[in-house]
Amino acid sequence: NGTSVEEFILLGFPGSWQSRVSLVVVFALMYSLTVIGNASIIALVWRSSNLHTPMYFFLCNLSFLEIWYTTGVVPKAIGVMLGTSQTISFSVCILQLFFLLSLGSTECFLLSVMAYDRYLAICYPLRYSSLMNSVLSVRLALSSWLGGFLAISLLAFLTSRLTFCGPDVINHFLCDIDSCLALSCSDTWSVELATFLVSIIVVVASCVVTLVSYMYIISSILRIQSVHGRKKAFSTCSAHLSVVTIWYGSTMFLYVKPSAQNSLDLNKIVNTFNTVVTPLLNPFIYTLRNKEVKLALGRTFQKK
């Protein structure tokens, strides 16, 4: 009929009112814990002078990112499930897509930078302070943020050029690339190709850097003679390795595939894990499995 869609309706999680209210409570609780947990890590590192190292500088960047990543999803998702904010304009939809994908790309780069930092710390312990100095740490963190947002700019631009002429219902609680491609009535081949190529560059490339770093790390740990020394070396990177495994597993399922238009319901579940659960797990993984953070927490509570 020649008309174009100017706003979309987010479907969220269809079901009874009681089930949706239960989900709202869960989402709100997890969001609150995520913000409090990640903000606490930033405050703890800021207050504890013994944590003023590159490793914890990168961790603060990750925690700051997680706060904004989940903030870009959960408040709107709660409005969708309650039925008070189910519509989203096309421009805001593209903005949310750009914001979330950019933060996700930045997290990939940050995790690979953190893996490289652990590689230097374990494989070159005597030269670590000179190799990973404060200037290099800031440059690596800044490059991660700039690279993450620049990598998604072209993809968001191409998505904004798509034509939507109906239907206007997105089977999701957020605007993601798969849903936009499924609803578009124009040729989506260029966007799908760009999505695949960006995924290869961002996700796979950063994952390769992480894997290579851990290959060297594990090789160095195995050459340590004492059992205590091996445990101590492994403890410095076990938390990061746990976060990497969780993040890359779900991210590769969502984005590293030739065609983006399949299994939208399954994508919704994985996206929930990626945008709501993972940001909550990260601060607990780093605090529960990191002796330095637990000691800093203990000293903070003793002062109080």
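Yeah, the Cβs are placed from backbone N, Cα and C, and that goes for glycine too.
Nobody curates TrEMBL annotations by hand; they come from automatic prediction.
Not measured: the values here are computed from a predicted model.
Feature annotations, courtesy of TrEMBL:
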- 21-46: transmembrane segment (TRANSMEM)
- 37-286: domain 'G-protein coupled receptors family 1 profile' (DOMAIN)
- 58-82: transmembrane segment (TRANSMEM)
- 88-116: transmembrane segment (TRANSMEM)
- 136-158: transmembrane segment (TRANSMEM)
- 193-217: transmembrane segment (TRANSMEM)
- 238-256: transmembrane segment (TRANSMEM)
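When each of the listed stretches 58-82, 88-116, 136-158 is scored by C-beta pairs under 8 angstroms to the transmembrane segment (21-46), 58-82 comes out highest. For the transmembrane segment (136-158), the list of distant contacts is 54, 57-58, 61, 94, 97-98, 101-110, 113, 116-117, 177, 190-191, 194-195, 198, 201-202: same-chain residues at least six beyond its ends, Cβ to Cβ under 8 Å. For the domain 'G-protein coupled receptors family 1 profile' (37-286), the predicted model reports an average pLDDT of 84.
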